[in-house]
Amino acid sequence: MDLSLFHILEILGTIAFAISGALSAMNRRLDLFGIFIIAFVTSIGGGTLRDVLMGNTPVTWMENIIYIYLIGIVTTIAIIFRNKLYIFKKSLFLFDTIGLGVFTITGVEVGVQNDLNPIISVALGAMTGTFGGVIRDILCNEIPVIFRKEVIYATACLIGGVAFVILDRLGVKLDIIYITTSMTVILIRLVAVKYQISLPTFYLIRK
Amino acid sequence: MDLSLFHILEILGTIAFAISGALSAMNRRLDLFGIFIIAFVTSIGGGTLRDVLMGNTPVTWMENIIYIYLIGIVTTIAIIFRNKLYIFKKSLFLFDTIGLGVFTITGVEVGVQNDLNPIISVALGAMTGTFGGVIRDILCNEIPVIFRKEVIYATACLIGGVAFVILDRLGVKLDIIYITTSMTVILIRLVAVKYQISLPTFYLIRK
Amino acid sequence: MDLSLFHILEILGTIAFAISGALSAMNRRLDLFGIFIIAFVTSIGGGTLRDVLMGNTPVTWMENIIYIYLIGIVTTIAIIFRNKLYIFKKSLFLFDTIGLGVFTITGVEVGVQNDLNPIISVALGAMTGTFGGVIRDILCNEIPVIFRKEVIYATACLIGGVAFVILDRLGVKLDIIYITTSMTVILIRLVAVKYQISLPTFYLIRK
């Protein structure tokens, strides 16, 4: 088990997030430019926000150009085969979940490496995993889907992040932590979707 | 009169902003995760935007973790007692106004300490005081309430900010400036609400 | 031909973007504070986002205060003469197009000067030219107009940016590159509007 597996998962996640952004933009009937922008933002928005808040600038995608190419190619393919994508619906859902797990763990790791408070590290993980989708929804003029009553999503990130911090304190090897904690996020999300587990909402009684 | 009074006011402001965010999220029927995110953003969003634009990173709340705990506890309490909060409506309004005054002054001070142009310092103050609410409204898919016709809010920040810059030029002691200028913001806001003073709107005559 | 021409164009662009923001805010019936904020954001939002992502902080307008004065004065005039502005509709459209061209080129140049990948430089250019309008639309609670089916806008920025990168590689003098590439953006936009050329949209067939 080595880090290259983690990188493969990261690539699958990037692909899935880009496709999810492109589909969302096409659903909204945005034009070609809008589709590419939303695909990029969904894929790299969470990590970009984390980098900006951390002061890690220029942000990652400006210096690690490979993800830009990847998102560009994937989005082009998604546009061409837009009416066939439902065939891959299950694979896409799986990839999206993989992306959630992997992006979360890269986010937690940035916090841990910078010796930030464990709570902040966990928050950075959840931000990296989920805020691409939040920015996508804001640009599409919707209340971010993960804030509404919904099957558990961000909660899986938080649990995976806590697991990362604990295993790191216990001195577990980093590549084992990567795989086990990203799998934790992925499994929680898969189970939550299968059994439709969601967080409670708390609304106000109107007077 | 010493700075600890200012810190107490800052804590009251943080509490009030967090509760205002949590209430706004519950009104929108967001789930538990959404409620916490909106509470955090409302409370720390203005200062975070200021830090990012200034290049003061990692942003304050990543290194001064105490506010994260405070907001977490306050939001939990706000959720539990969500249908009793109307009892504290007046206190909450007062705390919110205190938050506006205190956050504004901390923002102005950052600009002054960094020798920025006085206009920029005043702008940073208004941004710190009001943009938590702006980001809250954007995440809740509303036009930010402070941009619409409304009882004076941001204007109070601007006046308090100008007062800060002038008193600082006159060589007044910093802790006295803190208290007098934050009180200026608070009093203007209280008077404006009592007498329903609002800024004019200027709309276009349709042709 | 020297750089002062470019600065004159930059000033015209700033004016046009500020007026476009102020008009948008008045159309939405925002109050005086809202009008100024939207005017500022439209004018400086693209460059600010670029600065933040690059780590070029404090962002430009905090240290180069002249644009703040300019936008403040222009917005005041736009409010006073709000019902006469239609007389200048054609000039405003021309200024806005000039702004698009000039802001794009300043953005590309920042990327080139920092030795970033050419694709990133072009992206920074398009971001600087168009994201002021994107943030304006988000604050006004609309899907950004440049993402919807529309006459070519961002595409002109991308072509101008590519031209910049190529001419720079060929060793053309920088002031000549400035003028020719900003003119390229401007001309493409003018031609696109005249002939109503737009990008395709790709929507999904509902099942």
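In case you wondered, yes, glycine gets a Cβ from its N, Cα and C as well.
Curation plays no part in TrEMBL annotations; they are all automatic predictions.
So that you can see what the record holds, here are the features copied from TrEMBL:
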type	residues	note
TRANSMEM	B:6-25	transmembrane segment
DOMAIN	B:8-82	domain 'Glycine transporter'
TRANSMEM	B:32-49	transmembrane segment
TRANSMEM	B:61-81	transmembrane segment
TRANSMEM	B:93-112	transmembrane segment
DOMAIN	B:94-168	domain 'Glycine transporter'
TRANSMEM	B:118-139	transmembrane segment
TRANSMEM	B:151-170	transmembrane segment
TRANSMEM	B:176-197	transmembrane segment
Distal contacts, the transmembrane segment (B:6-25) - CB-CB under 8 A, six or more residues away: 34-43, 67, 70-71, 74-75, 78-79, 82, 85, 92, 94-96, 98-103, 106, 132-133, 136, 140, 175, 178-179, 182
In contact by Cβ distance (the transmembrane segment (B:93-112), the transmembrane segment (B:61-81); 3 or more pairs under 8 Å): no
Dominant neighbour of the transmembrane segment (B:32-49) in B:93-112, B:118-139, B:176-197, by Cβ pairs under 8 Å: B:118-139
Remote residues contacting the transmembrane segment (B:176-197) - C-beta distance under 8 A, at least 6 residues beyond either end: 1, 3, 5-6, 9, 93, 97-98, 100-102, 104-105, 108-109, 129, 151-153, 155-157, 159-161, 163-164, 167-168
Composition by DSSP (helix, strand, coil) of residues within the domain 'Glycine transporter' (B:94-168): 60 helix, 1 strand, 14 coil
For the domain 'Glycine transporter' (B:8-82), mean pLDDT (0 to 100): 90
Residue distribution over DSSP helix, strand and coil in the domain 'Glycine transporter' (B:8-82): 62 helix, 2 strand, 11 coil
